[in-house]
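Residues annotated as domain 'Major facilitator superfamily (MFS) profile' in TrEMBL: 6-261. The transmembrane segment annotation in TrEMBL covers 9-29, 41-63, 75-102, 158-180, 234-256.
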Amino acid sequence: MSNIKTINLIYAISFLDLFAVGLTVPLFSTHLRELGVSHTVIGLLSSTYSGIQVLSGPIIGGWSDIRDRKYVLKITLLICGVCYGLLGITESIFFIFILRFILGIMKHTQSICKAVITDLVPHNEQTGIFGRSAAFSSVGFIIGPFIGGHLSEINHGFTYVCGLTVTSFIINFVPLSLASTTLRVVSMELMLKKSEKMHRGSLSGASNSIMSVARFVTPFLSGILSDIFSEQSVMLVAMIPAVLGMCVSLYMKFVYVNIKK
């Protein structure tokens, strides 16, 4: 019964976590442009977050292996909430860079939640739990930008958006104090199925770091392309990874069929 309550709490945290991120992230570039920042600098600031996550993912994951995951999750939620709140009231580009740097270190909520699931749920049930958790996260990331976009139209809207983001992190923090989705689900299940319990946090963090490499390169490259060419050119370049992914998928399917034969 206790495990069921914890899993339900993980669902709520997964939803609110990406809901909070969805409120702020789509408006971040527009906010920086209003502060007079170039596309290249915007790309650099966006890449800072993902670049730091490449290094910090295994560290936070290992920390959650050593300490209680609930404790680590509370600390990361609290620090992220404070950083997003400060992000809404500052106009200093240097301070924004520092805040993004800190967020890159601490924002590993989803990885820790996955590690909690592997601790509590039998292997044969984990895929379903991962799927539902990812679904709640996706719903949060769908609703967040919609609400954030409406709030941003108000005077000083970005400040209100960051305030709501802080509220979401606090809502996540309080219950803990008191007490591409299919691919992510399947790959996480395969990676964690045979791992030892004490290594699951590190493995989850390392997996997140690998994905962060792409999130580091993409915003910085997009900013440079926007400054050199145009924003429309970024849309065209965005087709390249999708086409490459489709080609790799078809190739792997072809190889798999031949192996079976």
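Backbone N, Cα and C define each Cβ position, glycine as well.
Just so you know, TrEMBL annotations never went through curation; they're auto-generated.
Residues 20, 24, 32, 35, 37, 41, 45-46, 48-49, 52, 60, 108-109, 112, 158-163, 165-166, 169-170, 172-173, 176 of the same chain lie 6+ residues outside the transmembrane segment (75-102) yet bring a C-beta within less than 8 angstroms of a C-beta in it.
Computed over the domain 'Major facilitator superfamily (MFS) profile' (6-261), the whole-number mean pLDDT of the model equals 75.
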